[in-house]
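Here is the structure we will look at, set down as structure tokens.
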Amino acid sequence: MQAVGVIGAGQMGAGIAQVSAQAGYRVLLSDVSRERAEAGKAGIAKALDRLVTKEKITGDARDAALALIEPVEGVAAMGDCALVIEAATEREEIKRAIFADVGKVLGPQAILASNTSSIPITRLAQASPDPARFVGVHFFNPVPVMGLIELIRGLATSDATVETVEAYAQSLGKQVVRANDAPGFIVNRVLMPMLNEACFALGEGVATVRDIDLGCQLGLNHPMGPLTLADFIGLDTCLEICRVLHTSTGDPKFRPAPLLVKYVEAGWFGRKTKRGFYDYTGPEPVPTR
Ligand code: CAA
């Protein structure tokens with residue numbers, strides 16, 4: 001495949017750029033400014049350094065991967081990319097504006113993919129230059145560690161698009177699951193009600209943050225408790241996904257927990273704001289309730 005364009009150099013976009021470069025793809029990485037794209041690459045350099053220190057990759061492999069990543073200004077340079085992956089903020093109007101921009105340069109065979117975790121692919125495809133060449137490609141956080149990519153087919157997505165992107169996903173060493181374009185796809189449809197329920201349980205005084213997390217972590221053999229995971233994903237993102245599930249299905253089982261809403265209103269988004277169900281200002285996270 002020719003180059004891969006990645007739009008959004010935050011946690012997800014940087015992770016996608018990193019694993020793509022490690023698989024040998026040339027990557028053009030953009031964000032709202034060139035500085036943000038450069039900062040994304042600097043974060044990738046640190047992540048690769050850690051892998052060298054742990055002897056997971058060689059110094060040469062790190063240098064080769066880094067050399068393949070080019071931070072760019074805007075999307076104008078992405079005209080020769082075979083695949084452009086949008087991993088921007090989870091807001092539909094922002095994604096639509098990006099697709100309009102990309103539409104001006106996207107090659108006639110090139111595929112446009114969105115890493116959205118919950119916005120319907122069929123609807124997003126309407127803002128893309130060609131819905132047949134539009135697909136959902138949902139990575140999981142932390143991208144270099146998580147072994148899964150969910151592939152979501154919109155109503156108009158062509159077989160060729162699905163097959164090409166599936167081959168790309170597999171070439172990154174990930175397993176692929178295919179989902180139809182239903183709210184939350186597979187993983188968030190199942191995960192978010194669990195995280196939301198943990199917020200209800202906390203809000204109703206069933207148990208403390210520590211006990212809810214430890215109970216689920218050890219009792220279910222999950223790597224993280226649900227409140228730790230919600231903080232890790234971002235409480236704003238969790239709330240947004242719950243709202244999409246709730247409004248698009250009309251099913252009250254998806255209504256967001258009042259405590260989750262309150263935390264987001266307080267600006268307590270989890271790890272990224274150093275405050276969520278835990279306080280992250282010290283050396284170790286401290287439960288807040
Ligand atoms: N980036 C890269 N590597 C990371 C990392 C990161 N942010 N965080 C941890 N790692 C690596 C560590 O370096 C370590 O690697 P080695 O085993 O090779 O040394 C490995 O992951 C394990 O890390 P730790 O020992 O530090 O800690 P841990 O065992 O607690 O694992 C974790 C950390 C991998 C994050 C683990 O807790 C986990 O899997 N948690 C669940 C994550 C999860 O569910 N993610 C999905 C979220 S949902 C989503 O993303 C979709 C959505 O739409 C919301």
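Heads up, the Cβ atoms here are built off N, Cα and C, so glycines get one too.
According to TrEMBL, the residue from Asp31, Asp130, Asp159 that belongs to the NAD(+) site alongside Gly8, Ala9, Gly10, Gln11, Met12, Gly13, Glu90, Lys95, Ser117, Asn141, Lys272 is Asp31. In this structure, the binding-site residues that sit close to ligand 1, with a C-beta under 6 angstroms from any of its atoms, are Asn141, chosen from Gly8, Gly10, Lys95, Asn141. Candidate binding-site residues: Met12, Asn141. Fewest other C-beta atoms within 10 angstroms, Asn141. Under 8 Å, Cβ to Cβ, and six or more positions away along its own chain, His138 (site 'Important for catalytic activity') finds Asn115, Thr116, Ser117, Ile149, Glu150, Leu151, Ile152, Phe185, Val187. Between the binding-site residues Gly8, Gly10, Gly8 has the most other Cβ atoms inside 10 Å of its own Cβ, all protein chains included. In the three-state DSSP reading, His138 (site 'Important for catalytic activity') counts as strand. Long-range neighbours of Lys95 (NAD(+) binding site) (same chain, six or more residues apart, CB within less than 8 Å of its CB): Glu86, Ala88, Ser114, Thr116, Ile119, Leu124, Ala127.
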